[in-house]
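As structure tokens, the structure follows; a few thoughts come after it.
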Amino acid sequence: MSAMLEIADLHVGYGKVEAVRGVSLSLDKGRIVTVIGPNGAGKTTLLGAAMGLLASRGVLRFEGADLHELGVEDRVERGFCLVPERRELFGEMTVGDNLILGAYSRRKDAAFVKSALDGVFDRFPRLAERRRQRADTLSGGERQMLAIGRALMAGPRLLLLDEPSLGLAPLIVRDILRIVATLRDTGVSILLVEQNARAALETADYGYVLETGEIALHGAASDLLNDPRVMATYLGGATE
Amino acid sequence: MTPDIALILTVDGLANGAIYLLAGLGLVLIFSVTRVVFVPFGDIAAFTALTLAAFQMQRVPGTIGLVAVLAAVASLMELGAAVRRRSADGLAQRLFGYGLLPLIPCGLAWLIAARDVPEIVRIPVALGLALPMGPLLDRIAFRPIADASVLVLLIVAIALHFAIAGLGLLFFGPEGFRTTALVDGIFELPGGLVITGQLILMMASAVLLAVLFFLFFERSLIGKALRATAVNRTGARLVGIRPERTGVTAYLIASALAGISGILIGPSTTIYYDSGFLIGLKAFVGAIIGGLVSYPVTALGALFVGVMESFASFFSSAMKEVVVFSLLIPVLLWRSLALAHGGDEEHEELDG
């Protein structure tokens with residue numbers, strides 16, 4: 001049995017500094033896997049390397065294909081999509097245009113683009129209301145919705161989510177993670193990178209704890225939630 | 001100065017401004033998509049005018065050789081890149097685009113060069129020769145250093161201009177040419193103002209092309225993809241837009257604008273092998289007024305430059321360039337002040 005995404009002994013460096021040192025993780029189809037860890041642990045670097053935005057060494061396979069041989073755009077065409085921490089929206093363009101461009105890799109399939117757009121508007125009615133508004137006029141939560149919506153427009157099979165809760169109010173975080181959980185039901189697998197450990201572990205099936213560029217701990221999300229070490233460091237010591 | 005003269009100068013200035021407008025749109029387009037200040041833009045315009053002049057004298061223009069050599073170099077580079085990658089994926093397509101397609105206008109130009117064919121045939125062929133120049137120069141000079149800083153790209157662009165202008169001297173000689181008028185006719189407006197068909201054509205073309213340009217960017221998916229690349233390069237890659245491809249599209253559109261400006265300016269200004277530089281530089285002043293990002297402000301800026309130039313040449317012909325380029329100083333001061341207050345939003349993409 002081979003995993004949908006397989007990362008083994010991955011090294012990513014900026015110049016001489018290695019931000020990710022020998023990370024291995026795997027994700028099976030239909031699963032939500034989360035990588036939690038403190039600021040600066042290398043979470044965003046890990047996703048950047050998986051997406052091909054950063055150069056890396058090590059095993060990086062998606063559905064059996066060696067990702068090192070594929071550019072960022074080729075990965076998108078294969079349904080491997082990233083929602084980056086910085087959202088990277090097209091600020092001067094309308095919400096509608098952002099979404100239509102999200103389906104750029106599927107532009108030849110007009111029927112798909114239309115149904116994907118309807119799907120996103122169903123999931124995020126707020127975006128439908130604001131479709132003619134410029135993306136840079138949206139609130140933080142709406143921007144995150146737009147970033148996720150734009151990625152969904154590509155018809156992803158695996159979605160990499162980088163800190164979707166960053167800078168958002170707790171209520172909106174819960175909304176967004178609830179939507180993330182429902183994405184799995186539509187056949188999208190998810191790799192969720194989060195600093196908000198409790199929310200992430202409550203959403204995910206399996207978790208990895210990343211510390212200073214290395215995997216410190218991994219296990220079923222429910223086990224990690226009750227693991228005293230995780231509790232002490234990331235969950236503020238509080239238990240249910 | 002009487003109001004009549006002022007009116008004549010304004011019309012004249014707007015006609016020249018129309019050329020700067022087209023060139024300015026091209027410069028902003030290439031800069032915003034690829035970060036290259038495409039100095040050779042004006043050279044492509046001048047070469048198109050000179051190519052048309054050569055056709056009219058029934059000579060073979062040197063541009064044919066230039067485009068053919070560029071196509072050969074680009075093809076060799078593609079082959080080299082394929083060997084290094086050890087993969088022939090997409091090679092055939094790229095060889096077709098860079099090696100074969102540019103030879104079509106070359107062949108047509110060769111066929112009609114020494115013959116007496118109507119203008120309606122010569123103009124599209126001259127434009128056709130202009131089209132591949134931008135994408136080929138991009139492939140040869142800029143693609144290998146696509147990640148370099150804006151300054152390095154600018155220096156390469158300037159070097160490229162001198163190389164091309166030097167070839168222009170070789171191909172077209174030191175003397176200047178004027179092409180025959182595209183339209184005849186002089187119209188007398190109610191106020192007694194006399195205006196030539198040529199001026200009307202220049203202004204009408206600029207308006208028409210500017211409208212098409214606007215519609216392309218607002219309505220078409222390719223236009224939106226170009227804007228997306230300009231607004232946020234990382235974001236564009238994350239939705240599967242390939243910056244090299246949008247770059248080629250941008251260069252192709254800019255080459256078309258350069259070619260059309262060359263055709264339009266040919267009958268009213270004597271064009272030399274190195275005239276392109278000044279056309280480009282004046283368009284650049286317009287583009288700087290628009291901050292190298294805004295199309296509408298660039299358009300207004302370019303028209304303003306044209307009118308300024310026209311008035312300046314009335315008062316002191318020798319000083320007209322001085323006046324136009326002195327405009328840069330207040331504009332740059334104003335922009336740097338505006339930027340200091342406006343925050344650093346433009347640098348968002350740099351650390352993706």
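Quick reminder: no glycine exception, Cβ is built from N, Cα and C everywhere.
As recorded in TrEMBL:
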TRANSMEM  B:6-30  transmembrane segment
TRANSMEM  B:37-57  transmembrane segment
TRANSMEM  B:63-83  transmembrane segment
TRANSMEM  B:95-114  transmembrane segment
TRANSMEM  B:120-138  transmembrane segment
TRANSMEM  B:150-173  transmembrane segment
TRANSMEM  B:193-217  transmembrane segment
TRANSMEM  B:250-273  transmembrane segment
TRANSMEM  B:279-306  transmembrane segment
TRANSMEM  B:318-337  transmembrane segment
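The stretch with the most CB contacts under 8 Å to the transmembrane segment (B:318-337), chosen from B:6-30, B:37-57, B:279-306, is B:279-306.
Packing against the transmembrane segment (B:279-306) from elsewhere in the chain are residues 13-28, 31-32, 37, 39-43, 45-46, 161, 210, 213-214, 217, 230, 261, 265, 324-325, 327-328, 331-332, 335, 346: each is 6 or more residues past its ends and has a CB under 8 Å from a CB in it. Counted over residue pairs separated by six or more positions, the transmembrane segment (B:120-138) shares fewer than 3 Cβ pairs under 8 angstroms with the transmembrane segment (B:193-217), which leaves the two as not touching. Within the same chain, the transmembrane segment (B:95-114) packs against the transmembrane segment (B:63-83): three or more Cβ pairs sit under 8 Å, each pair at least 6 residues apart. Simply put, out of B:6-30, B:63-83, B:193-217, B:63-83 has the most Cβ pairs sitting under 8 Å from the transmembrane segment (B:150-173).
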